Amino acid sequence: MKQAVEPVIDLLHGATYATLATQSARLPGYPYATLVPNVLDECHRPLLLVSALAEHTRNLFADPRLSLSLLEPNCANVQTATRLTLIGDAEPFEPDDQLQARYLRYLPDAEQYLQLDFMFFRIVPRRVRPIAGLGRMGWLEADDFSSLPSLSLETENRLLDSVQRAVPDGISILGIDCYGIDYQADGIRKRQGFGETAVREEHLETILHDCCHAACPGKIQRIIRSDYGSACAFPDFTIAGIRHAGVFLRGVDKRLCFIGASKFALDVGQPAFIQLALQIGTRLTHRPTPGSSGSEATVQRFAQVFLDTGEVCLIGLDVA
């Protein structure tokens, strides 16, 4: 079964480590597996920085065919967790300064290895087997990856410079791509995806600034109107999703709310906003609200409030 590529990209970027399996040169026919850090290049391809003395490095020079297994971070049950196996070929190469800098943003301690006998390999995907749970699996082919939108390293660096002053204390942005942001908070690497479709390059800067402000509770001083008209606030929240029109937040009571980016809503327009909101709504159970009948009516009503006022509009959605 053909799989959507966006969840695969999020897992590829979000996993902090991977299991690398190479063809053993000492015991032909046997796979040799080892753990490696996981960092991608600007085209969503995994990078390896390995020692010339390592067993897997010798294996790769003898036979570049490999597989890479990744697991979603912080999973409680590996049998139900999202995971994937990437089958591909390893190519030794010399990274330019920008790609090397990107790698070191994720793994700053690796700088010491650059003075030793370490070398870079790039993994070129041939097939990917994503598994999202029991019976939820399929294949992605090499062409699915080669056609993915990507940011040049120059554009990524420009965006990093642009949002640097907006980044809250304690958070550092590691990498930016058309599907999400990799960042570090309190020493922990995290991934914030943009949703089910890639974001166009010209829209990224707006979304990044909104994301940086939403990531810091002290920078949001808005009173959020509930679906029954009473005022409520969420001093503690996590980012549940980012869309073109704004940021979805999940409060401590598990309710989902939406903070709109009014300047961007004018660009995407009402129909596009409703469609984006419904993409979230299909995964949620809607609490009935006065004057609405069904989820689409609820979304449309709040979408109109949002477009009229430029303020928070989606409230009253409970996680299913």
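The backbone N, Cα and C atoms fix where each Cβ goes, glycine too.
Database features, via TrEMBL:
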type: DOMAIN; residues: 10-129; note: domain 'Pyridoxamine 5'-phosphate oxidase N-terminal'
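Under DSSP, the residues of the domain 'Pyridoxamine 5'-phosphate oxidase N-terminal' (10-129) split into helix, strand and coil as follows: 31 helix, 52 strand, 37 coil.
Note on the domain 'Pyridoxamine 5'-phosphate oxidase N-terminal' (10-129): its mean pLDDT in the predicted model is 96.
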